[in-house]
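One structure is given here, and the rest of the page talks about it.
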Amino acid sequence: MTTAITTDRSTYGAKAASRAAVVAILAIAVLATRIIWFGDPVADIDEQLYSLIGQQMLHGKLPYIDLWDRKSFGLYALYAFAHWTLGPGPIAYQTLAAIFTFAGALLTYHLARDLTDRFGATAAGTLYVIWMAAYASYSGQSEAFHVPLMLGMVWLVRDPDRRDASRRALWAMLLGGLAMQIKVTVLPQCMMLGGCVLYSQWRRGLDLAGVLRLGTLYGLIGAMPTVLVAIFYASISGFDAFIQATITSSFARAAGPLGRFSSRDVVWTNPLMIMAALGIYGAFRVKRPENPARYWFYAVWLLSCLATVFLPSTVYLYYYAAAVPAAVLLVTPLLDRRGPFGPFSALLLVMLGILILQIPDRYQLARTEKAQTTQLAEAIAPHVSHSACLWVYDGPTALYRMTGSCLPTRFIYPDHLNNLLEHDALGTSQPGEVRRILSHKPPVIVAANVPFTVQSPDVAAIVKRTLAQDYRPIASAKMHDRVITAYLRR
(Lines of atoms letter the chains of each structure in order from A and count residues from 1; the text may use other names and numbers.)
(Lines give C-alpha, C1' and ligand atoms only; values in the text may rest on other atoms or scores of the structure.)
Protein backbone atom coordinates (compact mmCIF):
# COMPACT_ATOMS: atom_id res chain seq x y z
CA MET A 1 0.00 0.00 0.00
CA THR A 2 2.73 2.43 0.99
CA THR A 3 4.73 1.46 -2.08
CA ALA A 4 1.73 2.12 -4.36
CA ILE A 5 1.12 5.56 -2.83
CA THR A 6 4.81 6.42 -3.15
CA THR A 7 4.79 5.32 -6.80
CA ASP A 8 1.67 7.40 -7.54
CA ARG A 9 3.24 10.46 -5.93
CA SER A 10 6.43 9.91 -7.86
CA THR A 11 4.51 9.60 -11.14
CA TYR A 12 2.46 12.70 -10.37
CA GLY A 13 5.61 14.62 -9.48
CA ALA A 14 7.31 13.57 -12.72
CA LYS A 15 4.29 14.65 -14.78
CA ALA A 16 4.09 17.98 -12.96
CA ALA A 17 7.80 18.58 -13.55
CA SER A 18 7.38 17.71 -17.22
CA ARG A 19 4.45 20.12 -17.60
CA ALA A 20 6.41 22.84 -15.82
CA ALA A 21 9.34 22.28 -18.18
CA VAL A 22 7.04 22.70 -21.20
CA VAL A 23 5.62 25.93 -19.79
CA ALA A 24 9.13 27.23 -19.07
CA ILE A 25 10.43 26.37 -22.55
CA LEU A 26 7.52 28.08 -24.28
CA ALA A 27 7.74 31.13 -22.02
CA ILE A 28 11.47 31.45 -22.76
CA ALA A 29 10.74 31.13 -26.50
CA VAL A 30 8.16 33.94 -26.30
CA LEU A 31 10.55 36.25 -24.46
CA ALA A 32 13.53 35.39 -26.67
CA THR A 33 11.65 36.18 -29.88
CA ARG A 34 9.90 39.35 -28.66
CA ILE A 35 11.93 41.03 -25.92
CA ILE A 36 14.17 42.95 -28.31
CA TRP A 37 11.12 44.98 -29.41
CA PHE A 38 9.81 45.66 -25.91
CA GLY A 39 9.52 49.42 -25.51
CA ASP A 40 10.16 50.12 -29.21
CA PRO A 41 7.47 52.62 -30.31
CA VAL A 42 8.12 51.97 -34.01
CA ALA A 43 8.61 48.20 -33.95
CA ASP A 44 5.91 47.99 -36.62
CA ILE A 45 3.51 50.33 -38.37
CA ASP A 46 -0.18 49.49 -37.88
CA GLU A 47 0.05 48.90 -34.14
CA GLN A 48 0.97 52.55 -33.64
CA LEU A 49 -2.50 53.52 -34.85
CA TYR A 50 -4.23 50.87 -32.72
CA SER A 51 -2.30 52.11 -29.71
CA LEU A 52 -3.23 55.73 -30.36
CA ILE A 53 -6.92 54.90 -30.78
CA GLY A 54 -6.84 52.70 -27.67
CA GLN A 55 -5.33 55.51 -25.61
CA GLN A 56 -7.84 58.03 -26.95
CA MET A 57 -10.67 55.68 -25.97
CA LEU A 58 -9.52 56.09 -22.36
CA HIS A 59 -10.22 59.82 -22.82
CA GLY A 60 -13.71 59.34 -24.24
CA LYS A 61 -12.92 59.20 -27.97
CA LEU A 62 -14.49 56.50 -30.12
CA PRO A 63 -13.25 54.58 -33.16
CA TYR A 64 -14.99 55.40 -36.45
CA ILE A 65 -16.56 58.61 -35.08
CA ASP A 66 -13.66 60.52 -33.54
CA LEU A 67 -10.77 58.56 -35.07
CA TRP A 68 -11.23 56.77 -38.38
CA ASP A 69 -10.04 53.26 -39.17
CA ARG A 70 -11.69 50.13 -40.52
CA LYS A 71 -10.50 47.46 -38.08
CA SER A 72 -12.94 45.78 -35.70
CA PHE A 73 -13.85 47.49 -32.42
CA GLY A 74 -12.49 44.65 -30.28
CA LEU A 75 -8.92 45.29 -31.44
CA TYR A 76 -9.01 48.88 -30.20
CA ALA A 77 -10.66 47.71 -26.98
CA LEU A 78 -7.75 45.33 -26.39
CA TYR A 79 -5.29 48.17 -26.86
CA ALA A 80 -7.33 50.40 -24.56
CA PHE A 81 -7.27 47.67 -21.92
CA ALA A 82 -3.51 47.27 -22.32
CA HIS A 83 -2.90 50.99 -21.83
CA TRP A 84 -5.40 51.21 -18.97
CA THR A 85 -3.57 48.48 -17.08
CA LEU A 86 0.07 48.99 -18.11
CA GLY A 87 0.42 52.64 -19.05
CA PRO A 88 0.75 54.69 -22.25
CA GLY A 89 3.99 53.25 -23.63
CA PRO A 90 4.34 50.52 -26.27
CA ILE A 91 5.37 48.00 -23.61
CA ALA A 92 1.68 47.86 -22.64
CA TYR A 93 0.35 46.31 -25.85
CA GLN A 94 3.59 44.39 -26.43
CA THR A 95 3.16 42.69 -23.06
CA LEU A 96 -0.46 41.82 -23.84
CA ALA A 97 0.55 40.47 -27.25
CA ALA A 98 3.27 38.36 -25.60
CA ILE A 99 0.67 36.89 -23.21
CA PHE A 100 -1.59 36.04 -26.15
CA THR A 101 1.37 34.50 -27.99
CA PHE A 102 2.22 32.38 -24.96
CA ALA A 103 -1.41 31.22 -24.80
CA GLY A 104 -1.24 30.36 -28.51
CA ALA A 105 1.95 28.36 -27.94
CA LEU A 106 0.30 26.38 -25.12
CA LEU A 107 -2.75 25.67 -27.29
CA THR A 108 -0.52 24.57 -30.17
CA TYR A 109 1.28 22.26 -27.75
CA HIS A 110 -2.00 20.72 -26.55
CA LEU A 111 -3.32 20.27 -30.09
CA ALA A 112 -0.02 18.69 -31.14
CA ARG A 113 -0.22 16.22 -28.24
CA ASP A 114 -3.09 14.58 -30.14
CA LEU A 115 -0.56 13.76 -32.87
CA THR A 116 2.88 13.32 -31.32
CA ASP A 117 4.87 12.85 -28.12
CA ARG A 118 5.57 15.53 -25.51
CA PHE A 119 8.91 16.43 -27.10
CA GLY A 120 7.36 16.90 -30.54
CA ALA A 121 4.47 18.91 -29.11
CA THR A 122 6.89 21.20 -27.28
CA ALA A 123 8.77 21.70 -30.55
CA ALA A 124 5.45 22.54 -32.24
CA GLY A 125 4.67 25.18 -29.61
CA THR A 126 8.15 26.63 -30.06
CA LEU A 127 7.78 26.72 -33.85
CA TYR A 128 4.49 28.56 -33.43
CA VAL A 129 6.26 31.28 -31.43
CA ILE A 130 9.14 31.52 -33.91
CA TRP A 131 7.02 31.69 -37.06
CA MET A 132 4.53 34.15 -35.60
CA ALA A 133 7.51 36.47 -35.08
CA ALA A 134 8.89 35.65 -38.54
CA TYR A 135 5.57 36.75 -40.06
CA ALA A 136 5.79 40.12 -38.28
CA SER A 137 3.62 39.36 -35.24
CA TYR A 138 6.54 40.10 -32.93
CA SER A 139 5.13 43.25 -31.36
CA GLY A 140 1.43 44.11 -31.61
CA GLN A 141 -0.04 43.14 -34.97
CA SER A 142 -3.68 42.03 -34.89
CA GLU A 143 -2.65 38.45 -35.78
CA ALA A 144 -0.93 38.17 -32.40
CA PHE A 145 -4.40 38.48 -30.84
CA HIS A 146 -6.83 36.71 -33.15
CA VAL A 147 -4.72 33.64 -33.98
CA PRO A 148 -4.74 32.36 -30.36
CA LEU A 149 -8.53 32.79 -30.30
CA MET A 150 -8.83 30.65 -33.42
CA LEU A 151 -6.56 28.07 -31.80
CA GLY A 152 -8.96 28.08 -28.86
CA MET A 153 -11.86 27.53 -31.24
CA VAL A 154 -10.07 24.56 -32.83
CA TRP A 155 -9.26 23.14 -29.40
CA LEU A 156 -12.94 23.27 -28.45
CA VAL A 157 -14.33 21.58 -31.58
CA ARG A 158 -11.57 19.12 -32.48
CA ASP A 159 -13.24 16.15 -30.77
CA PRO A 160 -16.88 15.76 -31.87
CA ASP A 161 -17.25 12.50 -29.91
CA ARG A 162 -16.88 14.08 -26.48
CA ARG A 163 -19.97 13.96 -24.27
CA ASP A 164 -19.78 17.74 -23.85
CA ALA A 165 -19.06 18.42 -27.54
CA SER A 166 -22.29 20.39 -28.05
CA ARG A 167 -21.59 22.74 -25.16
CA ARG A 168 -17.98 23.20 -26.25
CA ALA A 169 -19.18 24.05 -29.76
CA LEU A 170 -21.30 26.90 -28.39
CA TRP A 171 -18.27 28.35 -26.60
CA ALA A 172 -16.25 27.89 -29.78
CA MET A 173 -18.72 29.96 -31.80
CA LEU A 174 -18.48 32.74 -29.22
CA LEU A 175 -14.68 32.63 -29.46
CA GLY A 176 -14.97 32.90 -33.23
CA GLY A 177 -17.23 35.92 -32.84
CA LEU A 178 -14.72 37.56 -30.52
CA ALA A 179 -11.95 36.83 -33.03
CA MET A 180 -14.02 38.57 -35.71
CA GLN A 181 -14.10 41.58 -33.42
CA ILE A 182 -10.33 41.67 -33.75
CA LYS A 183 -10.15 40.99 -37.48
CA VAL A 184 -13.12 40.09 -39.63
CA THR A 185 -11.02 38.06 -42.08
CA VAL A 186 -11.16 35.07 -39.70
CA LEU A 187 -14.68 34.47 -41.09
CA PRO A 188 -13.60 31.61 -43.43
CA GLN A 189 -12.10 29.76 -40.47
CA CYS A 190 -15.24 30.28 -38.40
CA MET A 191 -17.38 28.95 -41.25
CA MET A 192 -15.13 25.93 -41.77
CA LEU A 193 -15.01 25.01 -38.07
CA GLY A 194 -18.72 25.57 -37.63
CA GLY A 195 -19.38 23.47 -40.72
CA CYS A 196 -17.28 20.63 -39.31
CA VAL A 197 -19.34 20.68 -36.11
CA LEU A 198 -22.60 20.60 -38.07
CA TYR A 199 -21.32 17.75 -40.23
CA SER A 200 -20.42 15.73 -37.14
CA GLN A 201 -23.90 16.34 -35.72
CA TRP A 202 -25.48 15.19 -38.99
CA ARG A 203 -23.37 12.02 -38.97
CA ARG A 204 -24.55 11.32 -35.42
CA GLY A 205 -28.17 11.33 -36.59
CA LEU A 206 -29.37 14.93 -36.51
CA ASP A 207 -31.83 15.54 -39.36
CA LEU A 208 -31.43 18.33 -41.91
CA ALA A 209 -33.91 20.62 -40.17
CA GLY A 210 -32.01 20.17 -36.93
CA VAL A 211 -28.73 20.94 -38.67
CA LEU A 212 -30.22 24.15 -40.10
CA ARG A 213 -31.54 25.21 -36.69
CA LEU A 214 -28.20 24.48 -35.05
CA GLY A 215 -26.34 26.32 -37.81
CA THR A 216 -28.58 29.35 -37.29
CA LEU A 217 -27.86 29.25 -33.56
CA TYR A 218 -24.12 29.06 -34.20
CA GLY A 219 -24.34 31.99 -36.60
CA LEU A 220 -26.26 34.09 -34.08
CA ILE A 221 -23.75 33.34 -31.32
CA GLY A 222 -20.83 34.16 -33.61
CA ALA A 223 -22.46 37.40 -34.75
CA MET A 224 -23.40 38.49 -31.23
CA PRO A 225 -20.22 40.50 -30.41
CA THR A 226 -20.49 42.43 -33.69
CA VAL A 227 -24.23 42.99 -33.23
CA LEU A 228 -23.64 44.37 -29.74
CA VAL A 229 -21.06 46.82 -31.08
CA ALA A 230 -23.47 47.88 -33.85
CA ILE A 231 -26.27 48.39 -31.30
CA PHE A 232 -23.94 50.53 -29.19
CA TYR A 233 -23.10 52.79 -32.13
CA ALA A 234 -26.76 53.00 -33.14
CA SER A 235 -27.63 54.09 -29.60
CA ILE A 236 -25.26 57.09 -29.85
CA SER A 237 -26.26 58.01 -33.44
CA GLY A 238 -22.99 56.64 -34.77
CA PHE A 239 -24.31 53.69 -36.78
CA ASP A 240 -23.63 55.34 -40.15
CA ALA A 241 -20.02 56.04 -39.16
CA PHE A 242 -19.65 52.45 -37.95
CA ILE A 243 -20.99 50.98 -41.20
CA GLN A 244 -19.00 53.37 -43.40
CA ALA A 245 -15.70 52.57 -41.68
CA THR A 246 -16.05 48.82 -41.15
CA ILE A 247 -17.99 47.75 -44.25
CA THR A 248 -18.45 50.38 -46.95
CA SER A 249 -14.83 51.54 -46.90
CA SER A 250 -13.50 48.02 -47.37
CA PHE A 251 -15.37 47.66 -50.65
CA ALA A 252 -14.54 51.22 -51.74
CA ARG A 253 -10.79 50.82 -51.17
CA ALA A 254 -8.98 50.18 -54.44
CA ALA A 255 -6.96 47.00 -54.90
CA GLY A 256 -3.18 47.28 -54.70
CA PRO A 257 -1.12 47.30 -57.90
CA LEU A 258 0.06 43.74 -57.24
CA GLY A 259 -3.45 42.49 -56.51
CA ARG A 260 -4.36 39.63 -54.23
CA PHE A 261 -1.85 37.19 -55.76
CA SER A 262 1.67 38.02 -56.92
CA SER A 263 5.14 36.51 -57.15
CA ARG A 264 5.98 37.78 -53.67
CA ASP A 265 3.14 35.67 -52.27
CA VAL A 266 4.93 32.58 -53.53
CA VAL A 267 8.01 33.62 -51.57
CA TRP A 268 6.00 34.44 -48.45
CA THR A 269 3.99 31.22 -48.49
CA ASN A 270 6.98 28.99 -49.24
CA PRO A 271 8.07 28.40 -45.61
CA LEU A 272 4.56 27.48 -44.50
CA MET A 273 3.77 25.35 -47.54
CA ILE A 274 7.12 23.57 -47.43
CA MET A 275 6.64 22.87 -43.74
CA ALA A 276 3.12 21.54 -44.31
CA ALA A 277 4.18 19.48 -47.35
CA LEU A 278 7.09 17.91 -45.46
CA GLY A 279 4.72 17.08 -42.62
CA ILE A 280 2.18 15.45 -44.93
CA TYR A 281 4.95 13.44 -46.57
CA GLY A 282 6.13 12.45 -43.10
CA ALA A 283 2.60 11.38 -42.16
CA PHE A 284 2.67 8.84 -44.99
CA ARG A 285 6.32 7.78 -45.04
CA VAL A 286 8.01 8.64 -41.73
CA LYS A 287 5.72 8.58 -38.69
CA ARG A 288 1.98 8.05 -38.84
CA PRO A 289 0.13 10.60 -36.66
CA GLU A 290 -1.33 9.13 -33.49
CA ASN A 291 -4.74 10.49 -34.47
CA PRO A 292 -5.00 10.51 -38.29
CA ALA A 293 -8.54 11.94 -38.36
CA ARG A 294 -7.44 14.86 -36.22
CA TYR A 295 -4.39 15.39 -38.43
CA TRP A 296 -6.46 15.73 -41.60
CA PHE A 297 -8.89 17.99 -39.76
CA TYR A 298 -5.94 20.33 -39.21
CA ALA A 299 -5.10 20.09 -42.92
CA VAL A 300 -8.59 21.33 -43.81
CA TRP A 301 -8.18 24.07 -41.22
CA LEU A 302 -5.00 25.19 -43.02
CA LEU A 303 -7.03 25.73 -46.20
CA SER A 304 -9.45 27.98 -44.33
CA CYS A 305 -6.49 29.84 -42.79
CA LEU A 306 -5.18 30.55 -46.29
CA ALA A 307 -8.64 31.86 -47.19
CA THR A 308 -8.25 34.26 -44.25
CA VAL A 309 -4.88 35.37 -45.62
CA PHE A 310 -6.14 36.07 -49.13
CA LEU A 311 -9.58 37.47 -48.28
CA PRO A 312 -8.52 41.18 -48.41
CA SER A 313 -7.89 42.79 -51.79
CA THR A 314 -4.28 43.58 -50.82
CA VAL A 315 -2.15 41.00 -48.99
CA TYR A 316 0.71 41.89 -46.65
CA LEU A 317 3.39 39.71 -45.07
CA TYR A 318 1.90 39.68 -41.59
CA TYR A 319 -1.41 38.26 -42.89
CA TYR A 320 0.34 34.90 -43.29
CA ALA A 321 0.66 34.56 -39.52
CA ALA A 322 -2.95 33.34 -39.60
CA ALA A 323 -1.74 30.11 -41.24
CA VAL A 324 1.19 29.46 -38.89
CA PRO A 325 -0.46 27.16 -36.30
CA ALA A 326 -2.11 24.88 -38.87
CA ALA A 327 1.15 24.51 -40.81
CA VAL A 328 3.02 23.76 -37.58
CA LEU A 329 0.50 21.07 -36.62
CA LEU A 330 0.90 19.42 -40.02
CA VAL A 331 4.68 19.11 -39.58
CA THR A 332 4.32 17.16 -36.31
CA PRO A 333 5.16 13.76 -37.90
CA LEU A 334 8.72 15.09 -38.28
CA LEU A 335 8.83 16.42 -34.72
CA ASP A 336 8.14 13.13 -32.94
CA ARG A 337 11.23 11.92 -31.09
CA ARG A 338 10.10 8.31 -31.61
CA GLY A 339 10.42 8.68 -35.39
CA PRO A 340 13.41 7.44 -37.41
CA PHE A 341 15.22 10.78 -37.07
CA GLY A 342 14.86 10.97 -33.31
CA PRO A 343 14.95 14.55 -31.99
CA PHE A 344 17.15 15.85 -34.81
CA SER A 345 14.49 16.85 -37.34
CA ALA A 346 12.62 18.84 -34.69
CA LEU A 347 15.79 20.55 -33.52
CA LEU A 348 16.75 21.31 -37.14
CA LEU A 349 13.39 22.97 -37.87
CA VAL A 350 13.61 25.05 -34.70
CA MET A 351 17.17 26.13 -35.50
CA LEU A 352 16.23 27.09 -39.06
CA GLY A 353 13.40 29.22 -37.71
CA ILE A 354 15.75 30.95 -35.27
CA LEU A 355 18.22 31.69 -38.08
CA ILE A 356 15.45 33.21 -40.22
CA LEU A 357 14.55 35.59 -37.38
CA GLN A 358 18.08 37.10 -37.42
CA ILE A 359 17.72 38.15 -33.78
CA PRO A 360 21.17 39.83 -33.36
CA ASP A 361 20.70 42.05 -36.43
CA ARG A 362 17.13 42.92 -35.50
CA TYR A 363 18.18 43.73 -31.94
CA GLN A 364 20.64 46.35 -33.14
CA LEU A 365 18.14 47.74 -35.65
CA ALA A 366 15.41 48.01 -33.00
CA ARG A 367 17.74 49.86 -30.62
CA THR A 368 18.82 52.28 -33.34
CA GLU A 369 15.29 53.04 -34.56
CA LYS A 370 14.01 53.50 -31.01
CA ALA A 371 16.80 55.98 -30.23
CA GLN A 372 16.30 57.90 -33.48
CA THR A 373 12.53 58.10 -32.98
CA THR A 374 13.05 59.42 -29.46
CA GLN A 375 15.44 62.09 -30.76
CA LEU A 376 12.97 63.07 -33.48
CA ALA A 377 10.16 63.38 -30.91
CA GLU A 378 12.37 65.50 -28.66
CA ALA A 379 13.07 67.87 -31.56
CA ILE A 380 9.36 68.22 -32.33
CA ALA A 381 7.93 68.42 -28.78
CA PRO A 382 8.86 72.06 -27.97
CA HIS A 383 6.90 73.28 -31.01
CA VAL A 384 3.59 71.44 -30.45
CA SER A 385 1.03 71.33 -27.66
CA HIS A 386 -2.56 70.45 -26.81
CA SER A 387 -3.69 73.35 -28.99
CA ALA A 388 -0.94 73.46 -31.65
CA CYS A 389 -1.12 70.13 -33.46
CA LEU A 390 1.64 68.20 -35.13
CA TRP A 391 0.63 66.63 -38.46
CA VAL A 392 2.27 63.39 -39.53
CA TYR A 393 1.73 63.36 -43.28
CA ASP A 394 3.97 60.31 -43.69
CA GLY A 395 5.79 58.80 -40.73
CA PRO A 396 5.29 57.18 -37.33
CA THR A 397 1.86 57.67 -35.75
CA ALA A 398 3.60 57.14 -32.39
CA LEU A 399 4.98 60.69 -32.63
CA TYR A 400 1.61 62.10 -31.51
CA ARG A 401 1.91 60.37 -28.13
CA MET A 402 5.65 60.88 -27.82
CA THR A 403 5.41 64.64 -28.41
CA GLY A 404 2.26 65.26 -26.38
CA SER A 405 0.58 66.82 -29.41
CA CYS A 406 -3.11 67.21 -30.06
CA LEU A 407 -4.60 65.43 -33.08
CA PRO A 408 -5.28 67.57 -36.17
CA THR A 409 -7.76 65.24 -37.88
CA ARG A 410 -9.91 62.16 -37.31
CA PHE A 411 -7.97 60.54 -40.18
CA ILE A 412 -4.90 60.30 -37.98
CA TYR A 413 -3.21 57.36 -39.70
CA PRO A 414 -0.91 58.86 -42.38
CA ASP A 415 -1.73 56.15 -44.90
CA HIS A 416 -5.39 57.12 -44.98
CA LEU A 417 -4.71 60.58 -46.36
CA ASN A 418 -1.62 59.94 -48.50
CA ASN A 419 -2.52 56.57 -50.04
CA LEU A 420 -4.15 56.68 -53.47
CA LEU A 421 -5.92 53.36 -52.76
CA GLU A 422 -7.96 55.12 -50.05
CA HIS A 423 -9.16 57.86 -52.43
CA ASP A 424 -12.80 56.74 -52.45
CA ALA A 425 -12.85 54.88 -49.13
CA LEU A 426 -12.81 57.58 -46.46
CA GLY A 427 -16.23 59.09 -46.97
CA THR A 428 -14.55 62.46 -47.52
CA SER A 429 -12.11 64.03 -49.97
CA GLN A 430 -8.44 63.34 -49.28
CA PRO A 431 -7.25 66.68 -50.78
CA GLY A 432 -10.09 68.50 -49.04
CA GLU A 433 -9.16 67.11 -45.61
CA VAL A 434 -5.47 67.87 -46.19
CA ARG A 435 -6.31 71.47 -47.12
CA ARG A 436 -8.41 71.76 -43.95
CA ILE A 437 -5.49 70.51 -41.82
CA LEU A 438 -3.05 72.90 -43.48
CA SER A 439 -5.44 75.83 -43.03
CA HIS A 440 -4.78 75.53 -39.29
CA LYS A 441 -1.05 76.02 -39.98
CA PRO A 442 0.39 73.03 -38.09
CA PRO A 443 3.66 74.08 -36.41
CA VAL A 444 5.39 70.85 -37.50
CA ILE A 445 4.76 68.48 -40.39
CA VAL A 446 6.44 65.09 -40.62
CA ALA A 447 7.14 63.53 -44.02
CA ALA A 448 9.23 60.71 -45.48
CA ASN A 449 11.62 60.58 -48.41
CA VAL A 450 10.27 57.25 -49.70
CA PRO A 451 6.54 56.39 -49.64
CA PHE A 452 5.29 53.08 -48.29
CA THR A 453 2.35 52.93 -50.66
CA VAL A 454 1.04 54.33 -53.95
CA GLN A 455 0.70 58.03 -53.18
CA SER A 456 -2.18 60.31 -54.05
CA PRO A 457 -0.64 62.76 -56.56
CA ASP A 458 -3.09 65.50 -55.59
CA VAL A 459 -2.28 65.25 -51.89
CA ALA A 460 1.46 64.91 -52.54
CA ALA A 461 1.45 68.07 -54.68
CA ILE A 462 -0.36 70.07 -51.98
CA VAL A 463 2.02 68.93 -49.24
CA LYS A 464 5.16 69.36 -51.33
CA ARG A 465 4.18 72.90 -52.28
CA THR A 466 3.32 73.82 -48.68
CA LEU A 467 6.59 72.42 -47.29
CA ALA A 468 8.63 74.30 -49.88
CA GLN A 469 6.89 77.61 -49.20
CA ASP A 470 6.28 77.63 -45.45
CA TYR A 471 8.47 75.03 -43.69
CA ARG A 472 12.10 74.13 -43.08
CA PRO A 473 13.60 70.79 -41.93
CA ILE A 474 14.72 70.63 -38.28
CA ALA A 475 15.39 66.93 -37.62
CA SER A 476 15.54 63.59 -39.41
CA ALA A 477 15.58 59.93 -38.41
CA LYS A 478 16.09 56.72 -40.35
CA MET A 479 13.57 53.95 -39.72
CA HIS A 480 12.16 51.08 -41.75
CA ASP A 481 14.54 51.89 -44.63
CA ARG A 482 13.21 55.45 -44.91
CA VAL A 483 14.33 58.88 -43.76
CA ILE A 484 11.64 60.62 -41.72
CA THR A 485 11.98 64.41 -41.52
CA ALA A 486 10.27 66.95 -39.27
CA TYR A 487 9.57 70.32 -40.90
CA LEU A 488 9.05 73.43 -38.74
CA ARG A 489 6.80 76.25 -39.92
CA ARG A 490 8.78 79.39 -40.72
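Just so it is clear, glycine is given a Cβ too, placed from its N, Cα and C backbone atoms.
Annotation comment: TrEMBL describes 20-39, 91-112, 119-138, 169-199, 211-236, 266-284, 296-321, 341-360 as transmembrane segment.
Within its own chain, the transmembrane segment (91-112) is flanked in space by residues 22-23, 26-27, 29-31, 34, 37-39, 43, 47, 50-51, 54, 78-79, 81-83, 85, 120-122, 124-126, 128-129, 132, 137, 139-141, 144-145, 147-148, 151-152, 154-155, 158, 298, 325, 328-329, 332, 335, which lie at least six positions past its ends and keep a Cβ under 8 Å from the stretch. Among the listed stretches 20-39, 211-236, 296-321, the one sharing the most Cβ pairs under 8 Å with the transmembrane segment (169-199) is 211-236.
Sequence-remote contacts of a segment are chain residues at least 6 beyond its ends whose Cβ falls under 8 Å from one of its Cβ atoms, and for the transmembrane segment (20-39) they are 89-91, 94-95, 97-98, 101-102, 105-106, 109, 118, 121-122, 125-126, 129-130, 132-133, 138-139, 357, 359, 362-363, 366, 370. Sequence-distant neighbours of the transmembrane segment (119-138) (same chain, 6+ residues past either end, Cβ-Cβ under 8 Å): 22, 25-26, 29-30, 33-34, 37, 43-44, 97, 101, 104-106, 108-113, 144, 147, 271-272, 317-318, 320-321, 324-325, 327-329, 331-332, 335-337, 343, 346-347, 349-350, 353-354, 356-357.
Below 8 angstroms of C-beta separation, residues 62, 64-65, 72-74, 169-170, 173-174, 176-178, 180-181, 190, 194, 197-198, 201-202, 242 of the same chain, each at least six residues beyond the ends of the transmembrane segment (211-236), sit close to that stretch.
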